[in-house]
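**Student:** A single structure is presented below for examination.
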Amino acid sequence: MDAYVAMEDGRVVSARGRAPGRTRGELVFTTAYTGYEESLTDPSYEEQVLTFSYPLIGNYGVRTERFESERVHPTAAVAREFTDDVAEWLAEEGVPALDHLDTRDLVTAVRDEGAMKCGIAVGEDVTPDDARAELAACEGMSDHVDIGDQVSVGEQVVYNAGGDGATVALLDCGVKGSIVSSLVDRGATVHRFPHDTPAGAVADVDPDVLFVSNGPGDPENFGATKAVVREFAGEVSIAGICLGQQIVASALGGTTEKMTFGHRGVNQPVMDLESGRVVMTTQNHGYTVADPGPLEVTQINVNDDTPEGLESDELDVLTRQYHPEANPGPEDTLGFFDDVLGMASTRTPMLAD
Ligand SMILES: NC(=O)CC[C@H](N)C(=O)O
């Protein structure tokens, strides 16, 4: 099978086709050397073409129990070499895959010029022009204004109903399964809501914690989710991961911005500013909080000083830019979930209207 990647910088790179199809997306790379099953099923990669900088992808198979959601989310996958297991899985899912190209070149281009649009064509009779046509039709990440609808749950789902732990209202902007299980494993009852659920319906479950999930795209395209955060601020503890941190900060008066090429990998160093302790974290984001508004920056990325943790005692807010649930990645930061559920136990009851 022939395969081509047409990049926004004008280059067309040829490769070996492993799973056929034509598509487009934002070209990004992850430096993670494990966790391809989790990354490929992470909803945060929706509308992105995922390049693995680690050269051999698939050497421990494909196991559904590692999946973070029901389907593969990147529009296409690129590696130096995919095993047959992974190539067959992606073909079954209808997700184009290509290998036998110099991924160092792609990664260097994205690192130097930033995440860029690309077009992909893989098949028996595709041409470079097919990939160029896909590139011409590719929208910027922030132009995907309805991206939340593509990944959020269709209707409310309850996990651990009737449990005697904290009640968490999870606004699903594209949540990873291991975030839900990290909360349920600690005894919480989790009400998973579509990202655009009105505040009144969320209030009906009388949550101890409002939790805003990870997810794809530009946080500024999650207006309904931000409205719920504003409604609950000061009345219920609020937590968020990744997109969730960005949405919470933006809802409370802060701002967000796009990064050049973002952070995607499993060894991003994060320093806690109070203790000075540095932990290794899993990350996958292309936007960041620029101005935290009323929140305090309590943790930063050691590589580029961007905010990794935001908190407010007054508003009872605790968020992380990285992925404390790991999956893939180091488990240094799992304690975040204990801290979030700890906020619930010191909660003040919701004020009646
Ligand atoms: N993993 C995430 O939640 C990603 C957040 C957001 N879509 C970003 O790229 O910054």
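Quick reminder: no glycine exception, Cβ is built from N, Cα and C everywhere.
Sequence annotations record features per position, and here TrEMBL assigns active site, nucleophile to C242. The active site feature in TrEMBL is assigned to H323, E325. Residues or ranges marked as L-glutamine binding site by TrEMBL: S44, G215, G217, L243, Q246, N284, G286, Y287. What TrEMBL lists as domain 'Carbamoyl-phosphate synthase small subunit N-terminal' is 1-121. The region 'CPSase' annotation in TrEMBL covers 1-166.
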**Student:** What is the set of residues, excluding S44, G215, G217, L243, Q246, N284, G286, Y287, whose C-beta falls within 8 angstroms of the centroid of the C-beta atoms at the L-glutamine site?
**Tutor:** N214, P216, D218, P219, C242, H285
**Student:** Select, from C242, H323, E325, each of the active-site residues with a Cβ positioned under 6 A from at least one atom of ligand 1; if none does, say none.
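**Tutor:** Checked active-site residues vs ligand 1; flagged C242.
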**Student:** Within the domain 'Carbamoyl-phosphate synthase small subunit N-terminal' (1-121), how many residues are helix, strand or coil going by DSSP?
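**Tutor:** In the domain 'Carbamoyl-phosphate synthase small subunit N-terminal' (1-121), the DSSP-based counts are 31 helix, 45 strand, 45 coil.
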**Student:** Including all protein chains displayed, how many Cβ atoms other than that of the residue listed as 'active site, nucleophile' lie within 10 Å of its Cβ?
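**Tutor:** Step by step: centre on the Cβ of the residue listed as 'active site, nucleophile', count other Cβ atoms within 10 Å, giving 29.
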**Student:** Across all chains shown, how many C-beta atoms besides its own are within 10 angstroms of the C-beta of N284 (L-glutamine binding site)?
**Tutor:** 28
**Student:** Looking at the region 'CPSase' (1-166) alone, can you tell me the average pLDDT?
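**Tutor:** Within the region 'CPSase' (1-166), the model's average pLDDT equals 98.
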**Student:** Of G217, C242, Q246, N284, Y287, which recorded positions are close to H323 (active site), meaning a Cα within 10 Å of its Cα?
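**Tutor:** C242, N284, listed in sequence order.
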**Student:** These are the binding-site residues: G215, G217, G286. Which one scores highest on other Cβ atoms within 10 Å?
**Tutor:** G215
**Student:** Quick one: largest C-alpha distance among S44, G215, G217, L243, Q246, N284, G286, Y287, binding L-glutamine per the record, in angstrom?
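**Tutor:** Site span for L-glutamine, by Cα atoms: 13 Å.
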**Student:** Just to verify a number: CA distance, G215 (L-glutamine binding site) to the residue listed as 'active site, nucleophile', in angstrom, no decimals.
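**Tutor:** Checking the Cα atoms of G215 (L-glutamine binding site) and the residue listed as 'active site, nucleophile' gives a distance of 8 Å.
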**Student:** Between N284 (L-glutamine binding site) and E325 (active site), what is the CA-CA distance rounded to a whole number of Å?
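**Tutor:** With the alpha carbons as reference points, the distance is 12 Å.
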**Student:** Return the count of C-beta atoms lying within 10 angstroms of the C-beta of Q246 (L-glutamine binding site), excluding that atom itself.
**Tutor:** 32
**Student:** With H, G and I counted as helix, E and B as strand and the rest as coil, say where DSSP puts G215 (L-glutamine binding site).
**Tutor:** coil
